[in-house]
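Okay, structure first, notes after.
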Amino acid sequence: MMAQAIETKELTLSYGESIIIEEMDLRIPKGKITVFIGGNGCGKSTLLRSIARLLKPKTGSIYLEGTAIANMSTKDVAKQMAILPQSPVAPEGLTVLQLVKQGRYPYQTWLKQWTKEDEKIVNDALKATGIEELKDRAVDSLSGGQRQRAWIAMTLAQDTDIILLDEPTTYLDMAHQIEILDLLFELNEKENRTIVMVLHDLNLACRYAHNIVAIKNKEIFAQGKPEDVINSRLVEKVFEMECEITTDPLFGTPMCIPCGKGRCILKQRVSAHA
Amino acid sequence: MSKNKTVRFLNGKVSFLFDRRAIKVFSIAAITAAIIFIISTGIGDMKISPLSVINVLFGGGTQMEQLVVTSLRLPRIIVALMVGMSLAVAGAILQGMIRNPLASPDILGTTGGAAVAVVGFLAFFSDENNALTVSIKWMPLAAFIGAGVIAILVYILAWKNGVSPFRLVLIGIGVSALMQALTTLMMILGPIYRASQANIWITGTVNGTTWDNVKILVPISVILVMIALFMTRDMNIQELGDDIATGVGSHVQRQRIFFLVISAALIGVSVAFAGGIGFVGLMAPHMARRLVGSSFGALLPVSALIGGILVMLADLVGRTLFSPLEVPAGIFTSAIGAPYFIYLLFRTRNS
C-alpha cells in the first residue's frame with residue numbers, strides 16, 4: 001500500500017448546526033499532487049481548512065503521517081504541514097523578505113531569530129519562487145502573481161513535506177494561474193513535496209493533479225487519476241452541468257467542454273418571436 | 001550595502017536580523033526625544049539653559065535650579081514621556097491585532113471606563129461641602145480599575161468561539177459610547193466644582209505630577225513595554241491573519257488575550273496618571289509605520305519614542321504658549337491628532 005501523507009477517519013465537519021462533510025474517510029497519498037474539486041459550497045475548502053487545523057472537526061479525526069493531529073503540538077504540525085489560505089492580505093509596507101521570513105516561525109525562539117539555516121531556507125524559497133530580486137519590495141506594491149509567489153515562498157520557508165493551498169489561483173489572470181501551477185508542479189517533481197489544493201478550474205485540475213477528489217453531498221463522490229475518474233457523468237453529478245469530455249491536445253489529460261446554451265439562446269429567441 | 005544586518009554570536013545560539021533603516025530611524029528618534037526632554041525641562045517661568053539642565057541632572061547647578069528642575073519639572077516630563085510611550089505601544093499592538101491602522105486605544109472602551117471611574121470617584125467621595133472624603137491619591141487607582149473592568153467586559157462580550165478582531169471593535173465602540181454617556185450623566189448630576197476638575201482630567205494633563213506618581217508609573221510602563229518587545233514575533237505573525245498564524249503554529253487566541261492584557265494595562269496606567277490624552281495611540285504607531293514599515297521589531301520601539309516625543313511636546317506647548325494659563329496636554333495631542341485622523345481616512349478612501 002502506498003504511504004499516506006494525510007488520512008481522515010469518519011470526519012464530520014459542521015458550521016454551527018449545518019453539516020458540511022459527513023463521516024468522510026479520505027486518504028491523501030504522499031509525494032503527489034491532490035486536488036479537491038466540487039461545486040460551490042460543497043465543502044472542499046472546509047475540508048482543506050479542517051485538515052490544516054483551522055477548523056475543529058465535529059467528530060472523527062485527522063492523521064498526519066499516521067499521528068492524530070489532535071494529539072500533536074501545533075508547532076510540530078507546522079513543521080510538517082504548511083497552509084496557504086485563500087487570498088491572504090499582508091500589512092501595509094511589509095517587505096517580501098519580512099513576510100517570507102515568518103515562515104520560519106515554528107523553528108524560531110526569541111534568541112534565535114535568524115540562524116544560518118533560517119537564512120538558507122528563506123533564500124532557497126525566494127529562489128524557488130523566482131522573487132529574489134523583489135525581496136526588499138513591499139508586498140502590497142507587487143502584482144497579483146508576484147504577491148502570490150511571495151506567499152507561496154512563505155509556506156516554502158516553513159520547510160514542510162506537505163503544503164495545502166486553498167484556491168491559490170483565485171483573482172489571478174490566466175497567465176499567472178498557469179505560472180503558479182507550474183511552480184507547484186515543479187516543487188512536487190523536484191522536491192517530492194505533497195501538495196493538496198482546492199481548484200475551481202476543472203481542466204487545470206486535470207492537467208496538474210495526480211489525484212483528484214470530487215466532493216458531492218458531504219462525501220467523496222470519486223477519487224483517483226484524472227484520466228480514470230473524470231467523465232461526463234461525474235461532471236453532471238458533481239457540478240450539475242451537462243458537458244462533453246475530450247482530450248487536452250497538449251497533455252492528453254481530460255478536458256471538459258460545458259454544453260450550456262451559448263449562442264443557441266439567440267436562435268431560441270428568434271424562434272420564439274417567429 | 002544590504003538593507004539588513006545579520007547579527008549572530010555565541011556560536012549561533014543567538015541570532016537576529018536587523019533592518020539598517022530601522023536602526024537609523026530609532027537612533028534619530030532617541031536623540032530627538034533626549035533633546036526635547038532636556039529643552040522642555042529648561043523652559044518655563046524660570047529659563048534654564050540646556051547645559052545647566054544636564055548639569056542639574058548630574059547633581060550640579062544652583063539650589064534654585066535644582067528645586068525647579070527636580071521638584072517642579074522633571075516629574076511631569078518623565079510622566080509625559082512614559083505615558084506617550086505606553087499609549088503608542090498599546091496603539092501599535094491593537095492596530096496589529098485588529099489589522100486596521102485606524103484602530104486606537106479609545107475603541108476598546110478602556111479610556112472610557114477609566115473616565116467613568118474617575119468621575120464616579122469624584123462624585124461618590126465628595127461631601128456636602130464639595131470636599132473629597134478620601135485622598136485624591138486614590139484617583140489613579142480608580143482609573144486603572146475602571147480601565148481594567150471595561151477591557152475584561154469588552155473581551156467577554158466579544159467572545160464567540162474565540163475572539164475575532166472585528167467583534168472586538170464593534171463591541172468596543174458600543175461600550176465606549178455607553179461609557180461616554182455615563183460620564184456625562186455623572187458630571188451633570190455631580191457637584192459643579194467636580195465637573196470642571198473631571199473635565200480637565202478627561203482631556204488629559206500631566207500637571208500636578210509628583211515623584212510618587214513617577215515611582216509607580218515608570219516601573220509598570222517599562223516592564224510592560226519590555227514584555228511587548230519580547231512578543232514582537234508573535235505580533236508579526238498575528239498581523240498576517242488568524243489562518244496564517246495558526247498555520248505556522250502560533251497559539252492565536254492565547255496570544256490575543258495576552259496582547260489585550262498588555263495593551264489594556266498600558267492604557268490603564270497611562271490614563272490613571274495623565275487622564276485621557278487622545279490620539280497618541282493612533283498617531284504614533286502610524287507615523288512609525290511610515291518610517292520603518294510594519295515589522296513589529298522595529299515598529300514598537302520607534303512608536304514608543306514618537307509617542308513620548310508627542311506628549312512631551314504637547315505638554316511643553318500647553319504650559320508655555322498661554323503662560324501663566326495652563327492648557328492640558330491632551331488638547332494639543334487632539335489638536336494635531338484629529339486632523340491627522342481625517343487625513344488618514346481621506347488617504348485610505350482611495351485604497
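Easy rule for this one: first residue shown is 1, then count along the chain.
A Cβ is built for glycine as well, from the same backbone N, Cα and C atoms used for every other residue.
Any TrEMBL annotation is an automated prediction that lacks curation.
Per TrEMBL, transmembrane segment is recorded for B:21-43, B:74-94, B:106-126, B:138-157, B:169-193, B:213-231, B:257-284, B:296-317, B:329-346.
Here the listed stretches are B:74-94, B:106-126, B:169-193, B:213-231, and the one with the most C-beta pairs under 8 angstroms to the transmembrane segment (B:257-284) is B:74-94.
Long-range neighbours of the transmembrane segment (B:296-317) within the same chain, counting only residues 6 or more positions beyond its ends whose Cβ lies under 8 Å from a Cβ of the stretch, are 19, 22, 25-26, 29-30, 32-33, 36-37, 39-40, 43, 76-77, 80-89, 91-93, 96, 206, 225, 228-229, 232-233, 235-236, 239, 274, 277, 280-281, 283-285, 287-289, 327, 329-333, 336. Scored on C-beta pairs under 8 angstroms, the neighbour of the transmembrane segment (B:74-94) with the top count among B:21-43, B:169-193, B:213-231, B:329-346 is B:213-231. Residues 80, 101-102, 203-206, 274-280, 282-283, 286, 310-311, 313-315, 317-318 of the same chain lie 6+ residues outside the transmembrane segment (B:329-346) yet bring a C-beta within less than 8 angstroms of a C-beta in it.
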